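See below for the structure under consideration.
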Amino acid sequence: MEQNTNSQEDDSMVTNSKEKKRQTWSRPWDFYMSSVGVSIGLGNIWRFPYMCFKYGGGAFLIPYLLTLIVIVFPLMILEVSLSQSVRKGLAASWATIPLFKGISIASAMILFHTNLSYPVILTWVFKYLVSSFSSNLPWMSCDNEWNTEHCVSLWDPEKQYLDETNNASMIPVSNVTNQTGQILGTSSAEEFWNYGVLRISNGLSEIGRLNGELWSAKVIYVTATLPLILIIIVMVRGVTLEGASVGIYYYLKPNMTQLENPEVWIAAATQVLYSSGVCAAAVLTLGSYNNYHHNFIRDVTMIAFSNSFASFVCGFAVFSTLGSMAFRQNLTMNEVVQSGPGLVFIAYPQALAMLPLPQLWNVLFFLTILLLGFDSQFVYVESFCAFFMDSYPRLRNFHKYSREIFFAVCNAGFCLLGIIFVTEGGVYVFEIFNTFGTAGWSVFFVATCEFVAVGWTYGADRHWDEINRMVGYSRIRFVVTLVWKYIGPAICMTISIYYVTAHSPLSYASYVYPPWAQAICHIVATSSAMCIPLYAFYLVVTSRKPWSQLRRKVNTEETKHENIISEEEEML
């Protein structure tokens, strides 16, 4: 379940009496629920299944879990402990290690890319939600204006598939074949995604017209809590389908030869960083509202487990459905459907279409996904705006409604800049930001700098002494500090270098991005990563402070006093 924590602060926080004081969570579990709300989102339901399918099913899970334990868990401890120790937001937290204050700027740029690209996923979901109210689900037939002559309906008496009992069966696949392997055409679900939703062009150079149906969804921002009940329903229905074991076997049994491919390891590491929200300031910002002695290590452990569990359940839902598709068509898992961002928009609707009252289940499912995404999006916008308001305090005080005005301006800007994502070529632009703006080598470079900043510049042991003062916990000290100093920066920097030098060119379906588009990809990534060295260079050149004050954070008397006040207020 998700909790939107930032747009409803009056309900979940108590305001301190002094204006300069940081607001504090009113309940011990607020931080955990809020962080779960950020980490469990579209990254689990939408991105994890298609990444897992693309990179070998079970083989993908091994590096995914290893990255979670070895990299993400220690990195979450680092970020939350840093912000909780000073009880300040993104900008002020990293300002305590002045040489690496550029990390806050880089994280803000990642948030900027996220706030541009993330809402387009919600527009796709909204399109499916609206279409689910139709008496005849549009992805079930070929009678729509966007369908081609090659369309094969999921229920077409003239092109139906006969199962082993010679009974007509639904054909929920991409390239539809008969029992002899002859290709009959493209499934109606695939055509709805490509031509009904995306209205996709031939490539990035053909941006095309604005898709008005998608644009209307970008102005809707609401919040709600989200249970995973419907995902579990889809999973239960999926595992009961005939042939579901084919997909489950592909999902759970790793092909060990796939582990020889470095792309699998890179993709798994990218996915777990993406879904956990590290390096994007969201978890760090939420941690700054904790009391000084809050047991964040317990929360971080549960957040990491909850995030992985949600991804695992979503994987079951998708792969069981794909297994049924492969079984019905006598195809392998790799042949049944193309991997890509549209995978779950093909698999989920088809699984729901096999339930009684399919319109009802589709409406509930896509409404749930929509609200799930809104919760995460609210935190991303809040974190981005809070960065500027913390950096420039005048933004908080220039008007009675200065906060509301600033948020409105930021959201209007995101909407205007996001128009390109809802054009006919918008999905190609989306893939650039999805792969290089919110993920990719830039995020791993930021992670490397975070490890170096705390592990070496400030000192891993010194920082853990501070953690010990906060929570009195030292059982995992040796392992975590070892990751901060050696394992974490080594792995993350290696992945960054691989991305730049040896990673496969970006592609979408059969379209391979041309060289000029590949250059744009790295420009997007560089826009965040280069903030760190550029700011460090600027600080060294312009600052007159001694080196010791540039590399070590100072726990000032004011900060200590604020922590004491917070403890006293909590006791009261």
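Just so you know, glycine gets a Cβ as well, placed from its N, Cα and C.
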Legend entry - Matching range for TrEMBL feature annotation, transmembrane segment, among 130-148, 187-205, 339-357: 339-357
Legend entry - Per TrEMBL, the range holding transmembrane segment, considering 29-46, 83-100: 29-46
Inset, instruction - May I ask whether the transmembrane segment (264-289) has at least three C-beta pairs under 8 Å with the transmembrane segment (58-78), counting pairs 6 or more apart in sequence? - result: yes
Legend entry - Same-chain residues near the transmembrane segment (516-541), Cβ under 8 Å, at least 6 residues beyond its ends: 98-103, 105-107, 109-110, 113, 204, 428, 432-433, 435-437, 440-442, 445-446, 449, 500, 505-506, 550
Legend entry - Close approaches to the transmembrane segment (478-501) from elsewhere in its chain (Cβ under 8 angstroms; 6 or more beyond its ends): 70-71, 74-75, 77-78, 262, 266, 269-270, 440-442, 444-445, 447-448, 451-452, 454-456, 460-461, 463-464, 522
Inset, instruction - Tell me, please, if the transmembrane segment (29-46) and the transmembrane segment (363-384) are in contact, taking contact as 3+ Cβ pairs under 8 Å between residues separated by 6 or more positions? - result: yes
Legend entry - Per Cβ pairs under 8 Å, the stretch of 309-327, 363-384, 436-458 packing most closely against the transmembrane segment (264-289): 436-458
